[in-house]
Amino acid sequence: MYVDGVFSGGGIKGLALIGALQALEEKGLIFRRLAGTSAGSIICAFVAAGYTSEEIVEMMNEIELSSFLDQRMSFLPSSLTKWLFLYWKMGLYKGERLEKWIAEKLRSRGIRTFADLPDQSLRIIASDLTNSTMLVLPDDLPKYQIDPNRFSVARAVRMSCSIPYFFEPVKLKSTPSSLIVDGGVLSNFPIFLFDDDKSLKKRPVIGVKLSPKDEERERNKIKNAVGLFSALFETMKDAHDARHISKRHEKNIIFLPVNQVFATEFTLTEERKEELIAFGKKRTRAFLKKWCY
């Protein structure tokens, strides 16, 4: 059965998306079009390139997640260096290793730019801080005088994964240039991309969201500045998308409430990685037992 898919962001929590993908493949679902943010954009890019869930699991097993944390070289004390990079570079890590790894995996399937993919088969969300706007890649690139057909898919994914203050923002070389960060700042679950779409009559839109249902969500506990920042970021990340999860879509959304894992926890043990994948698979299997379209 052909479907369109939306995969949410969530940093390292995105390992659960792989398990969800395994269960969806078991059901015989085939994705025609995909939209994703942050970790979800990685899954979407690999699926659009023709990778199966098992191949993605193999790739994740081959790589040490902490290897993506590429700091700049410095002779200063590490604590001071981190604060300086955070101030001047606006991120603790460059993000270049992540982009290079994604580019290598896509290139092995013949995918370099969006021209190598079927039209509208992959859309990725990022946030343009310079112009205070959401960026849908590759759709919005002409607004920046950039040819979508010549734009790197791996670069688009890196933009979507540039967690503020953790990874350095990506400079979009246009006229003038713009600073781009994680798409989750403005839309962590871009199901709105399939709203009012004639294709809905042809096939369902399946969404996988790394959070609980609204009625199961715990209230934010705000007792200090740290709690305030956390609640502020959560609100920015989810409020926009919540307005677009209509009853029509909600019955097709798989909610994966991943707890006790931070989005930036790149030092997970192999056992914990396997647990996250297994959790996503188990929850999705349970959803599919009751799902009908």
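A Cβ is built for glycine as well, from the same backbone N, Cα and C atoms used for every other residue.
The structure displayed is predicted, hence computed values, not measured ones.
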Practice prompt. From the ranges 9-14, 171-176, 219-224, 243-248, grab the one TrEMBL calls motif 'GXGXXG'.
Written response: 9-14
Practice prompt. Using TrEMBL as the reference, determine which range in 36-40, 116-120, 196-200 is annotated motif 'GXSXG'.
Written response: 36-40
Item to complete: Write down the Cα-Cα distance for Ser38 (active site, nucleophile) and Asp182 (active site, proton acceptor), rounded and given in Å.
Response: 6
Worksheet item: Which residues does Ser38 (active site, nucleophile) neighbour through Cβ under 8 Å, counting only same-chain ones at least six apart?
Response: Ser8, Gly9, Gly10, Gly11, Gly14, Ser160, Cys161, Ile163, Asp182, Gly183, Gly184, Asn188
Worksheet item: By DSSP, how many residues in the motif 'GXGXXG' (9-14) are helix, how many strand, and how many coil?
Response: 4 helix, 0 strand, 2 coil
Worksheet, complete the sentence: Counting every protein chain shown, other Cβ atoms within 10 Å of the Cβ of Asp182 (active site, proton acceptor) number 27
